[in-house]
Amino acid sequence: MDVTGNVLTEMGTARELHVLAVDDSHVDRKVIERLLKISSCKVTVVESGTRALQYLGLDGENSSIDFDSLKVNLIMTDYSMPEMTGYELLKKIKQESSVFREIPVVVMSSENILTRIDSCLEEGAEDFLLKPVKLSDVKRLTDFMRGEGKIAEKQSPKRRQSDNCTPSLSTMFSLTSYHRNITSPELLPSLSPSASPSKKSRVSKKIELC
Amino acid sequence: MDVMVQLQRQLFDYTASLFHEGFLDEQFNQLQQLQDESNPDFVVEVVTLFFEDAERLLNELTNALSQENIDFRRLDAHVHQLKGSSSSIGAQRIHTVCISFRNSCEEQNVEGCLKSLQQVKHEYSTVKSKLETLFKVRRSGPFLVRVLICNIEMTYGETDFGCRGVSVLGSVI
């Protein structure tokens, strides 16, 4: 099976998603772990990029790691971390010439900085989530990973409208998440006028007004 | 029982007031939604982690601001962490003060930083006592006496009085 996200077996039953979460904040580690467990994922939480690379066997120490036994299907990393940022971790993973670069990486940040978001998406991040991460964010992500997203892509405008967006003071009128999903061209007019013109054509942004 | 209904109502009102007065925001609701029978103490656990984190950071901030040559970058890094974790549990007022705190760090404004530190310490101790009250009430089983103590706390909102009341009557129980 390929590890990018197609976790449906031939029988059509959903296999368990194994998510590696990386965050230096103890509070955030606890929250993301719970969010993922509630979404029926197997979770491994680490506190730094270094630890994440160690876990994946990419730290140069143990190059003969058996990836099959780890089977990490998704990596979710905080952006602002001491020593190694989430961006640097993302780059390291995407530079791997092996199954590792195929693992989708989602970056999370409490700061809504367009250039930061752009660089993460350009570097190959699957998505960029604004903290605090909500259950609806995680559910959307895991649904997509389990293949429901692939079906929903064709109807993606409808799916996005049905996203359960609970209004909150901190996220109202702010950009909540960005998708690197391949979407149909007619969705592009709905992009914010401030969208970066240097974006690759297949990258799209969505503003959720909750 | 009439008293239980009344007290449940008061608990509801107390929680609502925390939201209404801006101590807590939607994120706290999100955390409550993550709590269930399999994880009945989730909210308390996360908030406890926050308290530990916050206290450590407040110490670091106090330290950093008492230095001869203030390292504003380090200061900002700590405030950023506090801002993040307060946002993660929905401690809105702390989060708000952290925003202006960060601005002061950026401007290398010592006065502003000191003021923000004072403010954030105040907001932290306030929300801490309010959340502790909330958890105490929720933990109370159907034991009427304990519930009545919490009733007093909620009605008067004075944590000193409430805490003394609890410890005195706690020993009686």
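Placement of Cβ uses the backbone N, Cα and C atoms for every residue, glycine included.
Where the annotation comes from TrEMBL, it is an automatic prediction and has not been curated.
As recorded in TrEMBL:
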COMPBIAS  A:149-162  compositional bias 'Basic and acidic residues'
COMPBIAS  A:186-198  compositional bias 'Low complexity'
DOMAIN    A:18-146  domain 'Response regulatory'
MOD_RES   A:Asp78  4-aspartylphosphate
REGION    A:149-168  region 'Disordered'
REGION    A:186-210  region 'Disordered'
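Per-residue confidence over the domain 'Response regulatory' (A:18-146) averages 92 (mean pLDDT, predicted model). When secondary structure is read from DSSP and collapsed to three states, A:Asp78 (4-aspartylphosphate) falls in the strand class. When Cβ atoms from all protein chains are considered, those within 10 Å of the residue listed as '4-aspartylphosphate' total 26, not counting its own.
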